[in-house]
């Protein structure tokens, strides 16, 4: 980990110093590196540790995640990430995702996924229906995030057996919010219907149910979270139809089971009030091009951040790295048009030409863009989040 920190964080550290940024680097570290030019290994490691903590804080993390080796990334979250990349690469007016998914993501900059607690008890079932209770621990959702929508995803398997009638090919799945748990064994819980779906047996697929009202009640209104009741009604009571075609529990033969990939999943879409939503198009301004530009003048330089070099690839699922770029170069008098200067920078440079006590304008980022990251948080929950101001799109003298 120490070697990884030195390989990339030192590079980031010096480039941020060169670019004139003041937000990421601790002031103590700045003085040590700028005044002495060289520090002891202990001082260097302490500053780099502070820098890593600052970066983690920028990602909204209190500590470095250390996920276990058996953590499973839901395929749906990977699909969301790749669909988002396809959306960014698509031409204006085209979309790579369905309407429901795009509508949910258009109001959120964070997507979180939760697997249910498998220790929850099963509600006794009857010949006509299969009923089970699901509980999801949502304590990892920060208080400052506003949940804009939520969906419960349940996998159902294709039924191959012959049917006595067309009606026996259908099942109805009802999703209930448990408003009040059962007070006694003889009485069931108080529930409220959230969503319902009439499903056909002809294919294996995921079914998505809108559970936004329940999540909003639990989080926004600070009301108790007692979980959901999933009810599968077997229409026509055909004895040939397997009652377990909707996967709501683990198989008794886990060695032959793909349960981790198809277990029920709760997905929340939220916004922390920072930056743009995941699928809101951002128009980028065209960068100024100049045929003859001095190599020493202010311009954008390549900088690739490889998360494996820092040892963060165990909790950052995607991307493996990204092109951050940085700004560096001179802002000479007089400032040329291609240096994208402000009026204040022009005046400051003019004053510097006659009074060197006034510093020159600095070469800094003038336009930044966001990246999306899929990662595991401190609680091993999979998160897809849009991070603002991560990529330098343009530089100028300011």
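Note: Cβ is positioned from N, Cα and C throughout, glycine not excepted.
Marked as signal peptide by Swiss-Prot: 1-23.
Note: residue 137 (N-linked glycosylation site) has non-local neighbours 114, 117, i.e. same-chain residues 6+ apart with C-beta under 8 A of its own C-beta. According to DSSP, residue 137 (N-linked glycosylation site) sits in a coil region rather than a helix or strand. Per Swiss-Prot, the feature N-linked glycosylation site maps to 137 (among others).
If you look up Swiss-Prot, you'll see 202 (among others) marked as N-linked glycosylation site. Look at residue 202 (N-linked glycosylation site): DSSP puts it in coil. Its Cβ placed at the centre, residue 202 (N-linked glycosylation site) has 9 other Cβ atoms within 10 Å.
Its own atom aside, the Cβ of residue 298 (disulfide bond) has 27 Cβ atoms within 10 angstroms in the protein chains shown. Secondary structure at residue 298 (disulfide bond), as computed by DSSP, is coil. What Swiss-Prot lists as disulfide bond is 298-363 (among others), and the listing cites similarity to another entry.
The disulfide bond feature in Swiss-Prot is assigned to 327-395 (among others). Of all Cβ atoms in the shown protein chains, 26 besides its own fall within 10 Å of the Cβ of residue 395 (disulfide bond).
Within the same chain, the residues at least 6 positions away from residue 397 (disulfide bond) whose Cβ sits under 8 Å from its Cβ are 298, 331, 335, 339, 340, 341, 345, 349, 361, 362, 363, 364, listed in sequence order. If you look up Swiss-Prot, you'll see 331-397 (among others) marked as disulfide bond, on the strength of similarity to another entry.
The N-linked glycosylation site feature in Swiss-Prot is assigned to 340 (among others). Following the DSSP three-state reduction, the secondary structure of residue 340 (N-linked glycosylation site) is coil. Cβ contacts within 10 Å of residue 340 (N-linked glycosylation site), excluding its own Cβ and spanning all protein chains shown: 19.
Cα of residue 395 (disulfide bond) to Cα of residue 202 (N-linked glycosylation site): a distance of 57 Å.
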